[in-house]
Amino acid sequence: MPGLSHLSVLAAVSSLSGAQFGFDTAIISGALVSIHSDLRPSSSSPTNNGTAALTGQNGTVPASYSTLSRPLNTGEQELIVSITTVGAIVGALASGYLSRFWGRRTLTMVSSILFALGSVEQAASQYVREMVLGRAIVGLAIGLASMVTPTYLSEVCPSDVRGRLVSLNIFFVTAGQVIAYAVSASLFHLPHSWRFMILIGVIPAIVQLVGVIYLDESPRWLISRGRERQARETFKRIYPSWTDSQIDAEMSIIRASSGNTTNTSDAASAPSSSALAKSRRSTNDLVALFRNKAHRKALVLACGLQLFQQLCGFNALCYFGASILRMAGFRSNPVLAALPIAVANCAGTAIAMRLVDRPRFGRRKLLLWTTAFAALWLALLGAALLGVKDLGEVEEHKDPLSDLLAKPEPTSVFAQPQSRLFDARDLTLPSSLTNSSVANQSNAAMTLDALSTVRSENPPSAWAFVSLTLMVAFTMSYALGLGVIPWVVQAEALGADVRLRAVGGALATASNWTANLFVSAVFLDLVHLITLPGSFMLYSGITMLAWVFAWFNLPEMSGLDIDHTSRMFERDGLASSTYRPVRGEDDDERGGDSERLLSGRAGLRGERADEEIWRVHDSEDEENEDEDEEGNPAAANHKRRTSNS
């Protein structure tokens, strides 16, 4: 196909945002394990460092300890992880407004710059507050990119490969996670390794920043801004086999669906308006999105799937995977043990890319089957973790500071392997350090690492390997369905209006990151409250709720152009009885799939772009033709045409 190579370049460059996102979510798991005491608290005072109660023989805190902070406690770990999600929520909410006025290409460039700056800030941080700032900047970049990338891909890709190319962004996410786990496993035992781990994330940001120079702006956005000449040139580059009349027809459809029916010149590409007027337009877009029934149903579907994608608990494995596996018994190199999970995620996403556009599978069937299996694997995982001996025993680490002084293992990147941070003989521990109040404070500050350090010389048990196998099985099922389908549905369900797509996409993406924040912020406390097995049992129940939600709300939209997907939500009833396009004799009239991809109306339309042929694929409707004629005239008309032929 003559234009597919250029389209592939566009998809690959824009999907590098996914690689940055995936690398960050996975690298923090290994970084949290290797940071230990390398970051100082926000204040370097002895009191805030937790060393006020420590006195040497001369009544002072040893200098060797004053330059180091205590290991990160639970709250600091949760803050480092969750602040990225807070930034992503802000970025996602802002992306709707920014992508509308700046465009998809410019916003992609901004997100790359922010990601590079945030990664450098993290790698150079000396204090917890500096690490948190870098994580927040990266989160802002991820929030912007996670909305604009699938939106951009859905606007430039033909409908026959839209699901596959939108899924390419998710594949890059999983590939970034695999690379991150491989990097973490190889650098796990090296001093200061977490700094190098994080700094590697700058590479995809720089590559994308260079690639954006060759990235075309979305023709839909250009038309919505009145830049028709640039939109025409973009269509010619993406679809070189299109004639001028076909481009004119495509642009007319986009203008009509976007509410821009006038042929404006490029001089109107930057309309001057006050900030108040822009704010009013954004508010009007939000009102219009909720006022229209079809748009409202599409928004509920997009936001609901994004919420369930996070609430199923998969990102608990991403953020805390190494610590979870250490709790399960993989203590020598838990990051290496987590590598199969990342590989399964990447492999599952690659398979989903091949299946999501096939009529035999599509979006609906693929999501329902894989979500059911994901819930099953989570339930079995919770049961298997019950069989792990000494899982997360708290009693052996009631005082992390005493353990810091006693263990010869490295607890900081400043320390060489098998050496102490400082000589415990330099210290006199007052009795106040061991009283009940301090012990309770130590318990409150315990991390998953403290919970999981139980007889490190013991090899993983059989139940530990069973648990790892079930984690891999769950990840594969997740990657085939919940990992991919919500982003594809968000990109196509919100219709073709550029303004409403921006607002709806921002809300759906913000829903995803809000749920992500909730999962990452409460996971450690959830483990303390209901144990690790109980947490995965809870996630299993939530995943079953996701299956029920998809059954009632998700129609099949594979093969439909985004100019017509909103029609899927205009009909009342269950999603299982929603229309989908007919393939067959009408495809033959339009030249077949391969020709239609880059000629005529890419996807389903051809010259008859404004005509949709539908059928009802609900079993009950197929058995009752009278109900079809009464409730679905389009399907009845198609039946009459096929019978007459």
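Cβ coordinates come from backbone N, Cα and C, glycine included.
Keep in mind that this is a model prediction, so the values were computed, not measured.
These features come from TrEMBL:
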- 1-19: signal peptide (SIGNAL)
- 10-558: domain 'Major facilitator superfamily (MFS) profile' (DOMAIN)
- 79-99: transmembrane segment (TRANSMEM)
- 136-153: transmembrane segment (TRANSMEM)
- 165-188: transmembrane segment (TRANSMEM)
- 194-215: transmembrane segment (TRANSMEM)
- 298-322: transmembrane segment (TRANSMEM)
- 334-355: transmembrane segment (TRANSMEM)
- 367-388: transmembrane segment (TRANSMEM)
- 462-488: transmembrane segment (TRANSMEM)
- 500-524: transmembrane segment (TRANSMEM)
- 536-554: transmembrane segment (TRANSMEM)
- 579-645: region 'Disordered' (REGION)
- 619-631: compositional bias 'Acidic residues' (COMPBIAS)
Out of 165-188, 194-215, 334-355, 500-524, 536-554, which stretch touches the transmembrane segment (136-153) the most, going by CB pairs under 8 Å?
500-524
May I ask whether the transmembrane segment (334-355) has at least three C-beta pairs under 8 Å with the transmembrane segment (462-488), counting pairs 6 or more apart in sequence?
yes
Averaging the per-residue pLDDT over the domain 'Major facilitator superfamily (MFS) profile' (10-558), what integer do you get?
77
Cβ pairs under 8 Å only, please: of the recorded stretches 79-99, 165-188, 194-215, 334-355, 536-554, which one is richest in them relative to the transmembrane segment (500-524)?
79-99
Which one, 79-99, 165-188, 334-355, 536-554, has the most C-beta pairs under 8 Å toward the transmembrane segment (367-388)?
536-554
To the transmembrane segment (194-215), which of 79-99, 165-188, 334-355, 536-554 is linked by the most Cβ pairs under 8 Å?
165-188
For the transmembrane segment (79-99), sequence-distant contacts whose Cβ falls under 8 Å of one of its Cβ atoms, 6 or more beyond its ends:
24, 28, 32, 72, 107, 110-111, 128, 131-132, 135-148, 151, 221, 278, 282, 319-320, 502-507, 509-510, 512-514, 516-517, 520-521
